[in-house]
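Asks: Dumping the structure here so I can ask a few things about it.
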């Protein structure tokens, strides 16, 4: 949106139709959106401001300023400005490229065309030019341009159908209806005369609520969410409709739920900022020590040598000399953190990103979609994830329902037993060609005319609210709001009972080729309490029958007693189906006499006309007729998970990653999927449901299910974390996220193995992620595939977009993208773990080699009169981090690995060191610099001690500055090269070439720099002429170098061998077992992730994705295209023993419980037993 001055917050919104002049005085936002971070004017200052938030960049800028002062600078200024500008430029180009694509996406959306009614004529306008108060015409399959009040539609009674996948992730269609007073304003001429005024709530992010009033012709009409079409929805199965723009651009609910693009940094980046500050403090301390030494030396000793070593003209006393020496040493010692560190980090991250992009095992052949690292700054954080927040629809599931199994009159028909050959439905010209079933006995029963099998499918073809379209002869298209109900009707269709069409009073079915029209006498609609639906129909023969389908727990109670034996058999089948994660339904019928029907119809009519308690009276009427039913059987439907989802979730759980599902879907849908993907199991002690509608009720439910102690011990947390699950609805979550309750909610949720949040808005998803980020200090990852997931993806430390069926908004907002949820295991356990390992090893080695390099200057200061004289010549200082040591550490940072990728997946416990941040932290940093300081002491003292008394083969003493400089420099390069050879865990040809090649390049460049040729060309630049040749031909020098190398390396080797023997890490154990038992272990890993069995609690799959009220629409005749039913709440299992169970567990914990696990052998044994 265009930048404008800040306006006071709205208290209410007033919109007058067709009156731009009136609406513009309120200065409402226009319909232009902006998701980008920069524009041409703000890019440079804002981007530089972001980059200088990196402490290192500010540090190098400060050093550059110092180097511009000739009195204190002993190094050229270009050695700092060139790499600094290079780093800033590379980062700026990357940020500009990312933002360019955001601008491109914004322009594409803003320039979409819309038909706007202006002066009674429909005119084409760009979306960005649409204003509040405009009337827009929408046509079938068009996106809704802004938040509109539906005025009229081409459908009867002002109905229209929309798909809300961009908002809540649901691909099922929903119905909206215009106010009755405007539904007849169908043509542009009438709409041009419409001057109604809407007064409503101000812009907000609540997707499921709208409150307003329409004032027109001195009357007022209440408006609700059922009258609204929100931006991001798509018009479906509706030829056209007209709407009045209420909210535009950034005020729309879609944009209100879309979080701003955030600048993401990894925990290692933040730690490095802290370490740079510490190092700068350390550098200042060294500078102060050396400056004090300079002052003392100049006063006590230097003053005696003024005739030989006069002070500079600007220096008039020893204190000023010390002041200049301080800044000179700050410049000389700044190489403890050279800018090449940050260049190297970016190169390594770029390499890791390419490895993700090139991974063929994360390439989806079906979609022809590779994995893509859309950012290069977060790779190592992939190895530290503790919480994954996942969308459900399209992320965990394919949102495709299949009719898998059924039980009819006690006989089970199983689609999965024999997959030899698909059933041939060629006898049925109306069969759906995509429908698959394999059990031939079911088709044989149909053809043999078994009455109960026919009745079973007759029920499926009649008892539903699906709408049918026949596009051409024999080409049927079913429109169901819930895909599970569509799957049932499609199954009946293929087995010969084809639902053809319906009117408000009839249903036409083609039964085995014979058209039959049933009179629809009543629809007993679904609701969350009933968890079932029924229809009463009259056959052409005049027979009246009630057909019912619903949750088994409720239908079994309403069966005739003679069904007991059949019910027992069917119950066993339901247990088997539920154990496979399928959604189950029970089917039953009841024959009614004419008198029974007439008596009940009168009761129903009375209930429908009741002025008060209408719902209760209807429920009582329904309850009366749905009794003494005869059991037909049961169905089992599979909501197809994406490939590998249960295995991926199991593997990530073993890696101690907690997975929370945040979905806009209904509770039952999410819970069923939780069971299907094995997040929820019947082995759990309890699955807790939080469903309160008030602050107090939510608080009470949370406290019932919270820990008995306010601050439970870590042992207790560990002991219960795998046994409980929490399911919370959106309206309860709204209260749970309030400031005074959020910690209570989080503590309860974090001791649960699985957390499922249902019916949440996009903003609530982001708030849950933010809550965990704020209080748990853990790395979070959000994964989703729709626009409703964008806010969550932007809020999490890492955002992953699934390129699925809900558009590309999630992918555009994400840091990483791929097409299948199962690729998450490779992204985290392989690429993430390796990236973290490589980056940590790189940083440890980098700080080590640079402290070893720089601290020699500090020790030398005590022997050179604290004069800020460098030990090495300036070209060695310049090339050390650029040439001599840069490539080996880059190769290690890009290619190194501790165990192969197969072992990373077989042993998910290897992931835990990243979560605990064990490989690079403040402790590891101090160990590295301690080793570096030790190395610098050896590198200075050994050559100094040897050469001060040594003579060459020609008898000339070797105690000169240049010989000492070359000896120390050569020792340093050899020691750090041997050290990186020890640190490298995975050797490639590139590692060999870079390590030994860098060592060779050092000697090549050294001899070239000290050659007569360069001295003759640049006599003022190359002062060490001939020194390398003279020094390195002395045996004592090589003995000195060998001695220094041994003293530096042997303690490191000894320490590592002791550590490996006494306290091996998990990766050491894996490498050892791999070497010893390589052949035996080769076949493991693939078969270990079998099906996780669970006991047979049954979950009704019917109440899966339906909504209440569509039965009434059908029977009223208002809805003759698409209809839908709703779903019941998952049967919550309330626990009175939650606290008692925890207390028992606490009592069972003994102090010696973890004793065996504390020893290295215990670690190894436990680790091997937990391996997959």
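If you go along the chain as it appears here, the first residue is 1 and each next one adds 1.
Here the Cβ of each residue, glycine as well, is placed from N, Cα and C on the backbone.
TrEMBL entries are annotated by machine, without manual review.
Not my notes, these are from TrEMBL:
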ACT_SITE  391  active site, 4-aspartylphosphate intermediate
BINDING   391, 393, 785, 789  Mg(2+) binding site
BINDING   391, 392, 393, 485, 526, 549, 583, 663, 664, 665, 759, 765, 788, 789  ATP binding site
DOMAIN    15-81  domain 'P-type ATPase N-terminal'
DOMAIN    811-1064  domain 'P-type ATPase C-terminal'
REGION    1147-1172  region 'Disordered'
TRANSMEM  59-88  transmembrane segment
TRANSMEM  275-297  transmembrane segment
TRANSMEM  317-343  transmembrane segment
TRANSMEM  842-863  transmembrane segment
TRANSMEM  875-895  transmembrane segment
TRANSMEM  925-946  transmembrane segment
TRANSMEM  961-982  transmembrane segment
TRANSMEM  994-1017  transmembrane segment
TRANSMEM  1037-1058  transmembrane segment
Asks: Highest Cβ count within 10 Å among the binding-site residues 583, 759: which residue is it?
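Replies: For the binding-site residues 583, 759, the Cβ with the most other Cβ atoms within 10 Å is 583.
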Asks: Residue 788 (ATP binding site) has how many other Cβ neighbours within 10 Å of its own Cβ?
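Replies: Summing over all protein chains shown, residue 788 (ATP binding site) has 33 other Cβ atoms within 10 Å.
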Asks: Want to know which recorded positions, from 391, 526, 583, 759, are within 10 Å of residue 789 (Mg(2+) binding site) at Cα; which are they?
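Replies: Cα filter at 10 Å returns 391.
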Asks: I'm trying to understand the geometry here, so how far is the Cα atom of residue 664 (ATP binding site) from the Cα atom of residue 785 (Mg(2+) binding site), in Å to the nearest whole number?
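Replies: If we compare the Cα positions of residue 664 (ATP binding site) and residue 785 (Mg(2+) binding site), the gap is 13 Å.
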Asks: How long is the line from the C-alpha of the residue listed as 'active site, 4-aspartylphosphate intermediate' to the C-alpha of residue 785 (Mg(2+) binding site), rounded to the nearest angstrom?
Replies: 7
Asks: Counting only residues 6+ away from its ends, which parts of the chain sit with a Cβ under 8 Å from the transmembrane segment (275-297)?
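Replies: Distant contacts of the transmembrane segment (275-297): 55-56, 59, 318-319, 321-323, 325-327, 329-330, 333-334, 336-337, 858, 861-862, 865-868, 922, 925.
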Asks: Test of understanding: give the count of other CB atoms lying within 10 angstroms of the CB of the residue listed as 'active site, 4-aspartylphosphate intermediate'.
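Replies: 30, counting other Cβ atoms within 10 Å of the residue listed as 'active site, 4-aspartylphosphate intermediate'.
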Asks: So if I draw a 10 Å sphere around the Cβ of residue 785 (Mg(2+) binding site), how many other Cβ atoms end up inside it?
Replies: 32
Asks: Kindly state the mean pLDDT of the domain 'P-type ATPase N-terminal' (15-81) in the predicted structure.
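Replies: Average per-residue pLDDT within the domain 'P-type ATPase N-terminal' (15-81): 84.
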Asks: Including all protein chains displayed, how many Cβ atoms other than that of residue 664 (ATP binding site) lie within 10 Å of its Cβ?
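Replies: Counting Cβ neighbours of residue 664 (ATP binding site) within 10 Å gives 29.
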Asks: Compute the C-alpha separation of residue 759 (ATP binding site) from residue 393 (Mg(2+) binding site), stating it in Å without decimals.
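Replies: Between the Cα atoms of residue 759 (ATP binding site) and residue 393 (Mg(2+) binding site), the distance comes to 12 Å.
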Asks: Distance between residue 526 (ATP binding site) and residue 393 (Mg(2+) binding site) at the Cα atoms, whole Å?
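Replies: Here the two Cα atoms are 23 Å apart.
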Asks: How big is the Cα-to-Cα gap, in Å, between residue 785 (Mg(2+) binding site) and residue 583 (ATP binding site)?
Replies: 24
Asks: For residue 393 (Mg(2+) binding site), just count the other CB atoms lying within 10 A of its CB, please.
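Replies: Neighbour count, Cβ to Cβ under the 10 Å cut-off: 29.
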